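Listed features, source Swiss-Prot:
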type     : residues             : note
ACT_SITE : C128                 : active site, nucleophile
BINDING  : C55, C58, C104, C107 : Zn(2+) binding site
DOMAIN   : 16-139               : domain 'MsrB'
Amino acid sequence: MSHDTDDKTYPYQKDDAELRRRLTPMQYEVTQHAATERAFTGEYTDTEDAGIYKCVVCSTPLFESGAKFHSGCGWPSYFKPLNGEVIDEKIDRTHGMVRVEVRCNHCGAHLGHVFEDGPRDKTGLRYCINSAALNFESRPENE
């Protein structure tokens, strides 16, 4: 992996054997090895239900449905995380590009990337997140 060196210690320490048992092969590859699921194949790409999207590894709430939008990119897209504490950003120099990788700030799981082509009337950001890195918890609209 040609991501910048990660010396950060995350609060939630993952046991690899336990993760391999608990996660699907795709969830494991995405969250632990920064793989990317194929566009338009993820479980949450078109989900419009009200609720919270949580880290599949540690269950930290990451995004709310109100921040989700249809970007047409093939992955769930959000214009902001739940708050400024839940996301960790790292420079990613893979595939001949320089991008900003997005990780769960509690466990370090790879989630996806953030780009500056989101809705201009919101934050201008597009958090492009792999469905395999998320679990969805449905909630009524008024909660």
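Heads up, the Cβ atoms here are built off N, Cα and C, so glycines get one too.
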(request) Return the residue, from the listed recorded positions C55, C104, C107, C128, with the maximum count of other C-beta atoms within 10 angstroms of its C-beta. (result) C104
(request) Would you count the other C-beta atoms found within 10 angstroms of the C-beta of C58 (Zn(2+) binding site) for me? (result) 18
(message) Neighbours of the Zn(2+) site C55, C58, C104, C107: Cβ within 8 Å of the Cβ centroid, same chain, sequence order.
(response) Y10, Y12, T31, V56, V57, S59, T60, N105, H106, G108, A109
(message) According to DSSP, does C104 (Zn(2+) binding site) sit in a helix, a strand, or coil?
(response) strand
(request) Based on DSSP, name the secondary structure state of the residue listed as 'active site, nucleophile': helix, strand or coil. (result) strand
(message) Can you break down the domain 'MsrB' (16-139) into helix, strand and coil residue counts using DSSP?
(response) 25 helix, 40 strand, 59 coil
